[in-house]
Amino acid sequence: MGKEKTHVNVVVIGHVDSGKSTTTGHLIYKCGGIDKRTIEKFEKEAAELGKGSFKYAWVLDKLKAERERGITIDIALWKFETPKYNVTVIDAPGHRDFIKNMITGTSQADCAILIIAGGTGEFEAGISKDGQTREHALLAFTLGFRQLIVAINKMDTTKWSQDRYNEIVKEVSGFIKKIGFNPKSVPFVPISGWHGDNMLDESTNMPWFKGWNKETKAGSKTGKTLLEAIDAIEPPVRPSDKPLRLPLQDVYKIGGIGTVPVGRVETGTIKAGMVVNFAPAAVTTEVKSVEMHHETLTEGLPGDNVGFNVKNVSVKDIRRGNVCSDSKNDPAKESASFTAQVIILNHPGQISAGYAPVLDCHTAHIACKFSELIEKIDRRSGKKMEDSPKFVKSGDSAIVKMVPSKPMCVEAYTDYPPLGRFAVRDMRQTVAVGVIKAVEKVDKAGKVTKAAAKASKK
């Protein structure tokens, strides 16, 4: 069997008609988890519908349709393999949802693939002031993505033109550099997702393309195809090496056992014997046991939904939205206030200082006041537009200072991504999304249980 390949998540971004579905469909079709029977079924249907040419995008549309109808499609269909990695494609659907999903999304992608349509007029539409190309790239950077691959698609429609390719590379390098990416570390690949050029195999239609190269701290890498560029992603650092952060989903009282908090390990690990602290409750105690699906675990790892038994803590002391952390390793603390970059998605009026909507951040659901609008930012370049704006409205991006109305524990996105993204809810819809830049923490003496005091002395 050999050792299992490392898993990486990629998100595919780009303007609506850039050919994201076709390109993704092609990779999944050729290297992926779609079994032969499914493909034959699709091909037969395609032929009957006169789609004899069998578009890869159609595979993806079928998968999406089945997924939307609630037929739980084996998520393996969204996977494909490279020599080094098992790759999962995190779908980037319609624009509005995409921004929301990307920020509140549970899965964090390791790399973004930006697909750009090379056709005349198409590239210009995607990159124009209203196009989504810039905005998706800026969002990816704001959310902490540092690995990017740019695929210039539909090269067949440009008659495989080297000049057109170079023109696009120059333009895209310019705007991704403005955003903050280093173009030298970004592989650019000219492809045809439809015909398959430079997808898995080197194209014979573009003999002028000598290959992509990228320079990173780890050294420089080169290759010819999109698949090779994906295979050259820097291996992700999994969050099990970070200090523990476990936002509580619920707290149960179980007869004969005691208090059992439940939640998903976001970073770090949790094990029996650990002295943990709960923020903002400021309770410290010892973990007696950890279990998942009614089985005892030696340790809970990132992604695990665990229940753990704690000593001398009542159900009244801790609640959903509290964050459990290791008292000896960067313990979580209450947040007095925090600064965040927010993007206003849909708010009917103007938002000014004093606005106090509900924030959903990890499992916490707490009203927070926009206490100060610090600066307004251009969403497409990420540059500052004005200091201390009087108000912001739909479509704007701003840096704001926020003050929770009740004790809350959040973290900077760069330290603990799952605890540093939030959605702003008001009028029963998502009004804005944000990323936390910095947190002002409260030091307060809290309740230390006997069990914790004893365990600490060991």
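The backbone N, Cα and C atoms fix where each Cβ goes, and this holds for glycine too.
Swiss-Prot lists 14-21, 91-95, 153-156 with the feature GTP binding site. The domain 'tr-type G' feature in Swiss-Prot is assigned to 5-240. Residues annotated as N,N,N-trimethylglycine in Swiss-Prot, with similarity to another entry given as evidence: Gly2. The N6,N6-dimethyllysine annotation in Swiss-Prot covers Lys3, Lys316. Taken from Swiss-Prot, the feature N6-methyllysine covers Lys3, Lys30, Lys316, Lys390. Per Swiss-Prot, the feature N6,N6,N6-trimethyllysine maps to Lys79; the stated evidence is similarity to another entry. Per Swiss-Prot, the feature region 'G1' maps to 14-21; the stated evidence is similarity to another entry. Per Swiss-Prot, region 'G2' is recorded for 70-74. Annotation source Swiss-Prot lists region 'G3' at 91-94, citing similarity to another entry. According to Swiss-Prot, the feature region 'G4' maps to 153-156.
Where Swiss-Prot records a feature, it is marked here on the structure.
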residue	record	Cβ neighbours (10 Å)
Gly14	GTP binding site	25
Asp17	GTP binding site	13
Lys20	GTP binding site	26
Lys30	N6-methyllysine	15
Lys79	N6,N6,N6-trimethyllysine	18
Met155	GTP binding site	30
Lys316	N6,N6-dimethyllysine	10
Lys390	N6-methyllysine	10
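Here the candidates are the modified residues Lys30, Lys79, Lys316, Lys390. The one whose C-alpha lies nearest to that of Met155 (GTP binding site) is Lys30. Under the DSSP three-state reduction, Lys79 (N6,N6,N6-trimethyllysine) is assigned to strand. Across the region 'G4' (153-156), the prediction's mean pLDDT works out to 94.
Nearest in space to Lys390 (N6-methyllysine), taking C-alpha to C-alpha distance over the binding-site residues Gly14, Asp17, Lys20, is Gly14. Cα of Lys79 (N6,N6,N6-trimethyllysine) to Cα of Asp17 (GTP binding site): a span of 22 Å. Across the region 'G4' (153-156), DSSP classifies residues as 2 helix, 1 strand, 1 coil. Secondary structure at Lys20 (GTP binding site), taken from DSSP and collapsed to helix, strand or coil, is helix.
Lys20 (GTP binding site) and Lys316 (N6,N6-dimethyllysine) have their C-alpha atoms 50 Å apart, to the nearest angstrom.
Across the fold, the C-alpha of Lys316 (N6,N6-dimethyllysine) and the C-alpha of Gly14 (GTP binding site) stand 48 Å from each other. The CA atom of Gly14 (GTP binding site) is located 22 Å away from the CA atom of Lys30 (N6-methyllysine).
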